[in-house]
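According to Swiss-Prot, the disulfide bond annotation covers CYS105-CYS336, CYS327-CYS403. Feature annotation from Swiss-Prot assigns N-linked glycosylation site to ASN68, ASN353, ASN390. Summarising the annotation, Swiss-Prot assigns region 'Catalytic subdomain A' to 114-224. Marked as region 'Catalytic subdomain B' by Swiss-Prot: 282-344. What Swiss-Prot records for 1-4 is topological domain 'Cytoplasmic', and it gives sequence analysis as the kind of evidence. As annotated by Swiss-Prot, topological domain 'Lumenal' applies to 28-431. The feature transmembrane segment is assigned by Swiss-Prot to 5-27, with sequence analysis given as support.
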Amino acid sequence: MKSVIIQGLFCGFLAIGLWASMLLLFLHLEQEDMLENEKEELLKKRSLGKNAHQQTRHSEDVTHDEVNFSDPELIQGLRRYGLNAIMSRRLGIEREVPDSRDKICQQKHYPFNLPTASIIICFYNEEFNTLLRAVSSVVNLSPQHLLEEIILVDDMSEFDDLKDKLDYYLEIFRGKVKLIRNKKREGLIRSKMIGASRASGDILVFLDSHCEVNRVWLEPLLHAIAKDHKMVVCPIIDVINELTLDYMAAPIVRGAFDWNLNLRWDNVFAYELDGPEGPSTPIRSPAMTGGIFAINRHYFNELGQYDNGMDICGGENVELSLRIWMCGGQLFILPCSRVGYNSKALSQHRRANQSALSRNLLRVVHVWLDEYKGNFFLQRPSLTYVSCGNISERVELRKRLGCKSFQWYLDNIFPELEPFNTERKRKKNRF
């Protein structure tokens, strides 16, 4: 009797196990079918060989409802991604944005034979649709013969939809996108260097993972560098609102910074645009944002890439800006190239990087500011005795490149940056 009961229990457990296995298999196959159907539907909408200069409209009309700030899902998305994830899902992986270029820019034509571009996009825990919109906009709005590749560098993202699901969706782009997954957290700066090391295009174009390019965005960048391989160029950075995700045109500005080494945008005066090129005139810029710019691949390597001793992100934009100008290059903003950017002001990731940012800025100060470093410490006295690590390699790089002094940079590139109390200011006050 006892053996019969045991046999019955064994058979029962076996049946339950088989049933559970079949259920899991069914759910897995159902999920695969759903993803396959979604992918097939998206493939029907896309043809990489057609309409290279036109962006495909999303199939559904998106209505921008009033933002409900009490919605727990909205708050969760802001905390998790730094943007309105509800609206992002509603927009999907591609959309049409307004052409924010001046009419003069819209009438410009560029040579067919330009250098090829490798687009490098690094991401960490990015919202899925936001990342795919960045990729889709590049594919849809870039001439295919100039687009060598898009290199995505995943810096050990933790979100599930950035793993197998992302791999699956990237098949839509038919091999145009290469995905690199870091084996450990490297931070944005080193991730960019990893992406650049795998690039094969003539020009490296760095983009953030939460941006969307506009019409004829790539050609002006490539054309400028084709004329001077030591010219580094940036687009005008339009605004994507983190709550509504509306795309808004930005005015023509130049990059600058203060003695905290914080990037700021300075207005360009109307008389500077009075020449024959009008509002399409390239703008000489003392500094640039770190996330969106184009540079000749060989020149990037010759110039020393990024400072490998910097962590995560922050400060690398000022460091590279100084190195470009002081070591024989030029930095310009091109009004005819437009890229929208979501600043994600509420992002937890940005708030968590203050320690790394301070260390990065100290490396800039001790390598590049010469006798003017005291102006930084007047603003940030708490960092006076903080270590910035070993900078001997970067000091040697500056010597090897034959770079000019920071005094030269202030006199010739950025005279608007007034020192607080230095010999330069005392000399100026004598006259």
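Cβ atoms are placed via backbone N, Cα and C, with glycine included.
For the pair CYS105 (disulfide bond) and CYS327 (disulfide bond), the C-alpha distance works out to 31 angstrom. Cα spacing between CYS336 (disulfide bond) and ASN353 (N-linked glycosylation site): 33 Å, rounded to the nearest whole number. The most densely surrounded of the glycosylation sites ASN353, ASN390 is ASN353 (count of other Cβ atoms within 10 A of its Cβ). Counting only same-chain residues six or more apart in sequence, the Cβ atoms lying under 8 angstroms from the Cβ of CYS403 (disulfide bond) belong to ARG323, MET326, CYS327, GLY328. Between the alpha carbons (Cα) of ASN68 (N-linked glycosylation site) and ASN390 (N-linked glycosylation site) lies a span of roughly 49 Å. The CA atom of ASN390 (N-linked glycosylation site) is located 20 Å away from the CA atom of ASN353 (N-linked glycosylation site). According to DSSP, ASN353 (N-linked glycosylation site) sits in a coil region rather than a helix or strand. Within 10 Å of the C-beta of CYS327 (disulfide bond) there are 18 other C-beta atoms, taking all protein chains into account. Working note on the disulfide-bonded residues CYS105, CYS336: by count of other C-beta atoms within 10 Å of each C-beta, CYS336 ranks first. The local packing around ASN68 (N-linked glycosylation site), expressed as other Cβ atoms within 10 Å of its Cβ over all shown chains, amounts to 11. On the 0 to 100 pLDDT scale, the topological domain 'Lumenal' (28-431) averages 88 in the predicted structure.
In the three-state DSSP classification, CYS327 (disulfide bond) falls within coil.
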